[in-house]
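Per Swiss-Prot, the features are as follows:
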BINDING   N9, W10, K11, G177, S216  substrate binding site
ACT_SITE  H99  active site, electrophile
ACT_SITE  E171  active site, proton acceptor
Amino acid sequence: MKNLSIIANWKLNGNKNTITNSLINLTTQLTNIPQYIKIAIAPPILYIDMVKNHLTSYNNKTIELCSQNVDIHLSGAFTGDISASMLKDLSVKYVLIGHSERRIYHKENNSLIAQKFSIIKQTELIPILCIGENKEERDSGSTQSICIQQIDSIIKLVGIKAFENTIIAYEPVWAIGSGSSASPRNVQSIHQFIRNYIAQYDKTIANQISIQYGGSITTDNVLEFITQKDIDGVLVGSASLDIRNLIKIINLSSNLIKKTYQ
């Protein structure tokens, strides 16, 4: 059975009170999570240290920290940015890059995202590379070529070996926050295509790499996705803001793993 990763992206949401309450519920209600499930939270960067301190105080060994963004520089006169080395200093393990909202609202292109990927690997953090097509690209049948372009920009800069200990998150832009998810069968076919494409460069990396799905994941559909052969976890956005939903998604995944290993 494959490992599963569940990443909760809280985006620009929450405050000290709501985040603290969410963490209390998470750390007290999540028990006996199998080692094959990896869980991470991506709070607003301002609250990363607070989240870290809470997890430490509860002697948490289950939930890791994820950053929603990173700069391409490690230090310097770059007002408002945060470096990979700073994130590492705060015990962050994962970093999201290439998310469609960063591509759309902050005009981040493949070249910049590749530079972020490079600096994350240099700092020995784990990149979560988000790739996927928008509605127009989907309607024109360009899904595969768009995914190839986004992956190739990384390979061109740092080589295929940099995909070791990396997560790819396929997130069709048209499905994010829309309440309309892609079908599990369609997502499986795209994940299989991504894995096969990477295998053209390195079969070992292709077999080992974790490929998540992100796009209107809910408690009602999560099992339909994670039971697909090439879907190795989920990147959960709006559904994770209700901590009850996030706990249920984790428990559903956990129970599936436990049944598999019984």
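In case you wondered, yes, glycine gets a Cβ from its N, Cα and C as well.
This view paints the features noted in Swiss-Prot onto the structure.
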residue	record	Cβ neighbours (10 Å)
N9	substrate binding site	25
W10	substrate binding site	23
K11	substrate binding site	16
H99	active site, electrophile	29
E171	active site, proton acceptor	26
S216	substrate binding site	21
Q. What recorded positions in the list W10, E171, S216 lie within 10 angstroms of H99 (active site, electrophile), counting C-alpha atoms?
A. E171
Q: Can you grab the distance from K11 (substrate binding site) over to E171 (active site, proton acceptor)? Cα atoms, rounded to a whole Å.
A: 15
